[in-house]
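Colleague: Can you keep this structure in mind? I'll have questions shortly.
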Amino acid sequence: MDDIMSPNFSIPSIGHAPTPIHHSLDADQQIEALPHQVYHPAALDPTPTATTTVQQQQQPDGNNGVSAADGSGGSNLFGHEPSIPLAHKQSYQPSASYQQQQQQQQNQSSNTGGTTPQSLMQPQTPQSMMSHMMPMTSAAPPDASLSNIHQTMGPSTPMTPATPGSADPGIVPQLQNIVSTVNLCCKLDLKKIALHARNAEYNPKRFAPVIMRIREPRTTALIFSSGKMVCTGAKGEDDSRLAARKYARIIQKLGFRAKFLDLKIQNMVGLCDVKFPIRLEGLVLTHCNFSRYEPELFPGLIYRMVRPRIVLLLPAPGKVVLTGAKVRQEIYDAFDKIFSILKKFKKQS
């Protein structure tokens, strides 16, 4: 102790006497003497990148065992840690099993003198490293390729498209006829109308009203002497209103003080083909309270639906006629209900 405190005491040079630090440095230099055994993904590209620059800074110097980055070199004295590309470090987080496996490999390499594991000598691809990684959805960038990989890793459930309740979306009833009534609010001379109006027929011995027709929209009107008029033959609600106004305008031009009041739709007729034959005998036995089938009088089955209040004519080929509706939606609702019933009585060809 007195010799150390004396002014003549000098610290021996590092290069003169071998110390345990020099021995560990020699062993570390022997481990790093074969750099070709460690696989670096950036070594395939001759151009310097950010990954290769970081790896070059982390490699120890051959003379003094100190790294070029911070000059400490403490982490390289106890073994070489396999390098992973920065893209994988940022995008994935090692699982607990993978960390435990890496710790065992490091312990084995330190016990056996720092030999490189065989797995590090093989080229690693992102697909091979994917098995030990867990995706970090919060930190990972929204990449299309990574999202596809995540979908394959998670449990996949088949998605079934939504289907309508009863009717096929391709089978929709079409309106064939709309019957509407209107009040002209004046007494009419039917003989004068038949003589001066075009396309008008009047035969009081056979039929009391005047029958008048127009081409656009293609409809027929029944004009009574009381001032009431019935318009039939339109394919839609707007066409029925337009046709009734045209008939009222013709009456006004003939000198009558006709008005246009109380237009009401009295009946809608729809037609639809279910595209399969129907067993009418089985249907009338099962739904005897709502149906009537007399093939000697009428070849089709008459089905009277309570709600909505619609009458359906069901012939055997499957072309359904719906009548008695006041609104278009009643036609659609009635067909949805009858279609689910008709599927049970489909005739096997």
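Cβ atoms here come from the backbone N, Cα and C positions, even for glycine.
This is the feature table in Swiss-Prot:
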| type | residues | note |
| --- | --- | --- |
| REGION | 1-22 | region 'Disordered' |
| REGION | 42-142 | region 'Disordered' |
| COMPBIAS | 46-60 | compositional bias 'Low complexity' |
| COMPBIAS | 90-111 | compositional bias 'Low complexity' |
| COMPBIAS | 112-130 | compositional bias 'Polar residues' |
| REPEAT | 175-251 | repeat '1' |
| REPEAT | 265-342 | repeat '2' |
Colleague: Using DSSP, what is the helix/strand/coil residue split across the repeat '2' (265-342)?
Modeller: 22 helix, 29 strand, 27 coil
Colleague: For the repeat '1' (175-251), DSSP counts of helix, strand and coil?
Modeller: 22 helix, 33 strand, 22 coil
